[in-house]
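Lifted from Swiss-Prot, the feature list:
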type	residues	note
BINDING	F10, S11, G12, G13, Q14, D15, S16, T17, T18, C19, L20	ATP binding site
BINDING	C186, C195, C198, C201	Zn(2+) binding site
Amino acid sequence: MNEEKAVVVFSGGQDSTTCLFWAKKQFAEVEAVTFDYGQRHRREIEVAASIADELGVRHTVLDMSLLGQLAPNALTRGEIAIEQKEGELPTTFVDGRNLLFLSFAAVLAKQRGARHIVTGVCETDFSGYPDCRDIFIKSLNVTLNLAMDYPFVIHTPLMWLTKAETWKLADELGALEFVRTKTLTCYNGVIADGCGECPACVLRKRGLEEYLQEKAGVKAR
């Protein structure tokens, strides 16, 4: 285990909760930071706080409501439909979100004496979000180090994993049922298996089914 501290960018969803369990295995001290950017469902912040409390992790919520004013999108405006038109980014994409979240997480991390930042962004199940790409994370890591003259390391344990492989990682961390029943991935604010219809729920369900089938096949051999 690394004896240093880490800050996890935390939404209370499948990916960031898996990352929180991963970080607790990797680092001696872990803190979670959640951003309030005017999400259409407030349960995300409540779920994140509940999970952090249950896992005994210090939790900070930062006000990023300005982001919702600057970048109207389906995650902050109920009147905007969740959809993706051919050749366009999904309406769930929030311009600048990961750029700002990671920048503010870095400021918090430095104040806490932590240099490790963990985020659940993933390029494999790429939804067209440019700020989930590995090249962006590496670029921002360099920029933050130069901007604050501090040796940050941004960790992306899910970057090259499919959703099925992310479920597998949660299982290996002993957190499969926890992640399955207590996290909030659904764009419509439904905990656990969600609404089953929004893009986030469909991706989550398909990944879980693929992993459970694979796991059953391995056991049957």
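Cβ coordinates are placed from backbone N, Cα and C, and glycine is handled just like the others.
Taking the centroid of the Cβ atoms of C186, C195, C198, C201 as the Zn(2+) site, the other same-chain residues with Cβ within 8 Å of it are T185, Y187, N188, V190, G194, G196, E197, P199, A200, V202.
Within 10 Å of the C-beta atom of C201 (Zn(2+) binding site) sit 18 other C-beta atoms, taking all shown protein chains into account.
C195 (Zn(2+) binding site) and T18 (ATP binding site) have their C-alpha atoms 21 Å apart, to the nearest angstrom. In sequence order, V8, G120, V179, T183 are the residues of the same chain, not among F10, S11, G12, G13, Q14, D15, S16, T17, T18, C19, L20, whose CB sits within 8 A of the CB centroid for the ATP site. For the binding-site residues L20, C186, C195, the greatest number of Cβ atoms within 10 Å around a candidate Cβ is found at L20.
Comparing the Cα of C186 (Zn(2+) binding site) with the Cα of every entry in F10, Q14, S16, T18, these being the binding-site residues, the smallest distance points to Q14. Sequence-distant neighbours of Q14 (ATP binding site) (same chain, 6+ apart, CB under 8 A from its CB) are T166, A170, V179, T183, T185, R204.
Shown are the binding-site residues S16, T18; of these, the residue with the fewest other Cβ atoms within 10 Å is S16. DSSP assigns F10 (ATP binding site) to coil in the three-state reduction, placing it in neither a helix nor a strand.
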